[in-house]
Each structure stands twice: as structure tokens, then as C-alpha cells.
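Straight from Swiss-Prot, the features:
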ACT_SITE  Lys179  active site, proton acceptor
ACT_SITE  His297  active site, proton acceptor
BINDING   Asn127, Thr177, Lys181, Arg298, His330, Ser382  substrate binding site
BINDING   Lys205, Asp207, Glu208  Mg(2+) binding site
MOD_RES   Lys205  N6-carboxylysine
SITE      Lys337  site 'Transition state stabilizer'
Amino acid sequence: MSQSVESRTRIKSERYESGVIPYAKMGYWDADYVIKETDILALFRITPQPGVDPIEASAAIAGESSTATWTVVWTDLLTACDLYRAKAYRVDPVPNVADQYFAYIAYDIDLFEEGSIANLTASIIGNVFGFKAVKALRLEDMRMPVAYLKTFQGPATGLIVERERMDKFGRPFLGATVKPKLGLSGKNYGRVVYEGLKGGLDFLKDDENINSQPFMRWRERFLYSMEGVNKASASAGEIKGHYLNVTAATMEDMYERAEFSKEVGSIICMIDLVIGYTAIQSMAIWARKHDMILHLHRAGNSTYSRQKNHGMNFRVICKWMRMAGVDHIHAGTVVGKLEGDPLMIKGFYNTLLESETDINLPQGLFFAQNWASLRKVVPVASGGIHAGQMHQLLDYLGDDVVLQFGGGTIGHPDGIQAGATANKVALESMVMARNEGRNYVAKGPQILRDAAKTCGPLQTALDLWKDISFNYTSTDTADFVETPTANI
């Protein structure tokens, strides 16, 4: 219902009084706000300072992440200020947690430059995270409108094209990370790549911190790695790859390394999250132009995603990276050595793989999201996984994933090739059991033991790592109220 002229006049008079007035009074709180299809929505977990009303704190977050400053400024009247103000429209207490609240905030699409993650983040996670009115602030989820998503390229290659290029269907991809991360010579590095691929893996990869150090310069690594790839591919008659990490100090250096990776025949290159959003988008544009798969290692994400009351949830990174245009991103294993609640991990994977997701509070998805035909990102599971967990990995993560066994390949007592073979046989036996309709989750250990009767490397792996697990309580789980209609 439209406001009367008198009401609008009164609000305008109050809203533009000189001096400092509450953010809620300035128009950054609107409990009756009607969400537009083109609005960008954000959900923040706020911990107000003692004595600060949660509605005022939410309005302050809306204001400081959009158009407000600490005092009323008359130049607001030169803009469409009532449109451009972000609106906090709902505040809910966080279930079972004292003094924390979920604040829902809507932003008009015109506040953001088209196709720019850097501009989006400058507002959403900018100065507002240092705001004194809140003790802690965490960005939990976002909804991107279709009109905004259409301004982004999306994944350079995408899952479907990658499967066609690799000629691998009906199962997860298998990979491994070269270990040790640092210190190998180029020749020894290439040998590790060859042995892993010869044993049956689809991919080997560089780790996040191998760039161009004195013990092995990047060009040497690229040449020896691709020698291993080509030799293993010719031997197996299959397409294989190695993620060549092109991360460097400048964009010029990264472009040079990426161009060289293309010249020596690589089908995939790799970057780290720490290079920044603009660099990631730039490399994604380069990758699509040059028909390359682009792998992203999430190095650095836990510095702001792991703590539950401050920073941002990794699902937001998943959304931004799908928009930015990467083809792979590390997204958790559930059973490995790194942080990962099963339901939350499922939410990450759905965010990367589904064309449309619904609200699912147990998975931490607070908004429905239509992905506007952006291609799918392949999640990567790595960190502390081994062949003995194959039934759990297939159950939790499904087919559309890269299973990366680093130590679980290179740590095999009989050598790298044997470690790769153990993982390949474990995966094939589990996929076969699933396709035959067997209860592969309940009977997984027995299926693996049966397969090991004709595969010595698998038997050795099961004997070595059978008791290895990482059963720690996750620090980041979904907060929701259990009800008979909960979306579980």
C-alpha cells in the first residue's frame, strides 16, 4: 500500500535531519519491504555489541554496506537514495545461540557493477566487517538474481564438456597431489606425475605453494610434468592431465605461464584463491578463450571461513567462484583431515553442481537460487582420504567430483604406481557394486576386501590405512530449528 503524502513528507523530514540519527530511522530497516526479483540478497550472522538493538545493528550493516556513512549527508538528496539504500527486512535469533542474530538484507541490483566480483565484495564484505556496532559479523549466504548472473561468464569449461574432453563417464575423476609439496627437482617431479598417471589416475596436480622456487623453476616443472603426462597417456591410450599451477606475483607472469602450459600441450592449468577475485576472473576469461580447464585451489579460505561467528561461509565462496568462472574448486571430503560437516559439504556440492537449489536449512542454504544456465563447477575432494574410505566417498559425494588421493597414493609402501592402482581398483569395484544394485555403503569394507584378493596394491593400502580416520567435531554446522517440516 502506498504511503500518503503526509507520511512521506514526515519520513523524509526525519530521515534527513542534520547530525547522527539511528540507521533504522534513516531507512535501512524496513520490515514491510517487498523483495524484488532483481534484488541481491544477503544473510549475515551478527553479534551486536552489548546494549545494541539487533534491528539497529542489522540496519547499520545494511547502511554501511550500501550508501550510509556515520552522519546524515545532504548529497543523498541528489541520488535515488530511497532506492539505493540496502534494506534490512528480517531479523531472527540464531537457534540455540545467545546474542547472535540472522539479518536478511536486500540490495538493489544497480548498486553493483555488472560482471565484477571485486565490486560486489567491496560492498558486501568491505568496511562493514570492521564496524564497531557489532562484535562479530559473518556472511552466511547470498542470493544472486538471474539478471545479475547473466553478466558473468561462469565456468570456463564446465563439468559436461570436461567429461567429454576426458572421455570419463559414470564415475568420479581420480587424482593425486604431488608430494612432498616442495623440494623435488624437476626430473623427480615429472617421475611422480608419470607414475601416478601410469597407475590409473586421471589427473596429477601441483600443490598450492609450488610456483617457481630455487629448487625448481616453473618452466622446468611444466616440461618434466608434461613429459610424464604424454608418456602415461600414450601407454594407457587415455586422455590424462596434470594441473600446472600458474600462480605468480603478477598477471603478466601468470599469463606467460598459462600460455606456456597451453603450448606444451596441457589441457588444464591451476590457480590459487589467494591471487584475488579480479585475477581469478581474468584467468577464467583466458581459460575459456584458450579452451583450457581451470582448477582453483582454495588456499587461504579457512582464514575467514572456519570461525562460525566472523568471516564468511565457504558456500558464499562457492557461489562467487561459479560466477567468476573456475571449473574446479576444493570443496571438502567429509571423511578427510580437513574441516567438513556432511550436510554443509552437501550444500557446497549442490551449490557448485545444481542448476537450481531450494532453501535447505540443514545444508545451510537460506535462499533458493536459480543459476541462470551457468555451467557446473566440479568439486574436488582432497586431504586425508584413502582407498579404504571409497564407499563413504562415493556415498557422500557422488560421481561428479574429483577424488584427490595425495598421501593416499604417494604414501603407498609399494610405490606411487601401486598407490594409484589401489585407488583405481577400489573405485571401480565400488562403482560396479553400486551399478549392480548392491548396498555398497553397508557392504563397502567387504567389497574392498574381495577386490583386494586379486589386487595386491589394494590389499597393502587397506592393511596400512584401515584404522586411519579423522573424527573431529566440525566447527561449522548449520543452525536451524528441528521441526516436522524441516527440509532434511
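Any Cβ shown, glycine's included, is placed from N, Cα and C.
Location within the structure of each feature annotated in Swiss-Prot.
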{"residue": "Asn127", "record": "substrate binding site", "Cβ contacts under 8 Å, 6 or more apart": "Glu64"}
{"residue": "Thr177", "record": "substrate binding site", "Cβ contacts under 8 Å, 6 or more apart": "Leu204, Lys205, Asp206, Asp207, Ser382, Gln404, Gly406"}
{"residue": "Lys179", "record": "active site, proton acceptor", "Cβ contacts under 8 Å, 6 or more apart": "Val192, Asp207, Gly406, Gly407, Ile410, Gly411"}
{"residue": "Lys181", "record": "substrate binding site", "Cβ contacts under 8 Å, 6 or more apart": "Asp207, Glu208, Asn209, Ile210"}
{"residue": "His297", "record": "active site, proton acceptor", "Cβ contacts under 8 Å, 6 or more apart": "Asp207, Glu208, Asn245, Met270, Ile271, Asp272, Leu273, His330"}
Packing count at Ser382 (substrate binding site) (other Cβ atoms within 10 Å of its Cβ): 25
Neighbour tally for Asp207 (Mg(2+) binding site), based on other Cβ positions within 10 Å of its Cβ: 19
Same chain, 6+ residues apart, C-beta under 8 Å of the C-beta of Arg298 (substrate binding site), given in sequence order: Leu273, Phe314, Ile317, Ile329, His330, Ala331
Among Lys205, His330, the most crowded of the binding-site residues [Cβ within 10 Å]: Lys205
Assigned element (helix, strand, coil) containing His330 (substrate binding site), judged by DSSP: strand
Reduced DSSP assignment, Asn127 (substrate binding site): helix
